[in-house]
Amino acid sequence: MSETSRRYYPVSWEQLHRDAKALAWRLAESGPFKGIVAITRGGLVPAHIIARELDIRVIDTICISSYDEETQGDASVLKSVGGDGTGWLIIDDLVDTGKTGRIVREMLPKAHFATVYAKPAGRPVVDTFVTEVSQDTWILFPWDTEPQYAKPIAKARAGETVVP
Ligand SMILES: O=P(O)(O)OC[C@H]1O[C@H](OP(=O)(O)OP(=O)(O)O)[C@H](O)[C@@H]1O
Ligand SMILES: O=c1[nH]c(=O)c2nc[nH]c2[nH]1
Ligand SMILES: [Mg+2]
């Protein structure tokens with residue numbers, strides 16, 4: 001999703017840890033896996049958590065970038081891996097339009113592809129995920145956010161400017 005995102009779904013470090021562990025529980029039944037291919041950069045944190053839970057020590061990366069902040073452009077593949085993916089687990093933080101997921105599936109058609117979060121357009125591309133959010137939601141990951149002053153509801157509703 002891009003400029004049309006109408007709402008935000010903020011995810012804390014604790015929630016991400018909990019959701020990635022929930023994904024590991026689901027994946028435990030689909031393994032064992034030879035190793036994990038993390039889709040950088042968003043897949044790196046969930047890949048670590050899942051590797052720890054499933055006792056996987058071999059981790060490779062596919063490096064793909066397609067978003068500048070909330071706007072999607074052409075996907076550029078900065079690093080790939082060889083093989084057809086047999087026995088491997090691909091991990092990303094989420095599928096949105098499914099563009100990134102389709103690229104990695106084409107590269108590794110035999111791998112199991114899992115994400116923590118999924119939006120409806122990308123959902124058919126993943127084998128396993130934990131939480132679905134609507135297509136017009138932008139997921140705010142903890143590495144992209146920091147705590148800041150929030151207006152009291154009454155002042156926000158009145159449209160008043162509050163200097164923190
Ligand atoms: O389903 P899609 O519409 O392709 O969107 C999902 C992809 O977009 C984000 O990556 P991004 O390109 O922002 O790079 P990053 O992981 O380095 O932040 C996210 O981490 C997924 O990889
Ligand atoms: O931080 C992010 N949140 C999202 O909802 C999203 N969709 C694609 N890429 C994304 N990155
Ligand atoms: Mg990514």
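Using N, Cα and C of the backbone, Cβ positions are placed for all residues, glycine too.
What TrEMBL says about a protein is an automatic prediction, not a curated fact.
Per TrEMBL, these features apply:
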BINDING   Arg41, Gly42, Asp92, Asp93, Leu94, Val95, Asp96, Thr97, Gly98, Lys99, Thr100  5-phospho-alpha-D-ribose 1-diphosphate binding site
BINDING   Asp93  Mg(2+) binding site
BINDING   Asp96, Ile139  xanthine binding site
BINDING   Asp96, Thr97, Gly98, Lys99, Thr100, Trp138, Ile139  GMP binding site
BINDING   Asp96, Ile139  guanine binding site
DOMAIN    12-149  domain 'Phosphoribosyltransferase'
Would you measure the largest Cα separation among Asp96, Thr97, Gly98, Lys99, Thr100, Trp138, Ile139 for the GMP site and round it to whole Å?
17
Rank aside, I only need the closest one: which of the binding-site residues Leu94, Gly98, Lys99, Thr100 has its C-alpha nearest to that of Ile139 (xanthine binding site)?
Leu94
Using a 6 Å cut-off on Cβ distance, which of the binding-site residues Arg41, Asp96, Thr100, Trp138, Ile139 come close to any atom of ligand 1?
Arg41, Asp96, Thr100
By DSSP, what is the split of the domain 'Phosphoribosyltransferase' (12-149) into helix, strand and coil residues?
42 helix, 47 strand, 49 coil
What is the separation, in Å, between the Cα atoms of Asp93 (Mg(2+) binding site) and Arg41 (5-phospho-alpha-D-ribose 1-diphosphate binding site)?
9
The one of Thr97, Thr100 whose CB sees the fewest other CB atoms within 10 Å, among these binding-site residues:
Thr97
Give the mean pLDDT for the domain 'Phosphoribosyltransferase' (12-149) on the 0 to 100 scale.
96
Length of the line joining the Cα atoms of Thr97 (GMP binding site) and Arg41 (5-phospho-alpha-D-ribose 1-diphosphate binding site), in Å:
17
In whole Å, note down how far the CA of Asp92 (5-phospho-alpha-D-ribose 1-diphosphate binding site) lies from the CA of Lys99 (GMP binding site).
12
For Asp92 (5-phospho-alpha-D-ribose 1-diphosphate binding site), which residues in the same chain are close in space, meaning a Cβ under 8 Å from its Cβ, but six or more apart along the sequence?
Ala38, Ile39, Gly42, Gly43, Pro46, Thr100, Gly101, Val104, Phe113, Ala114, Thr115
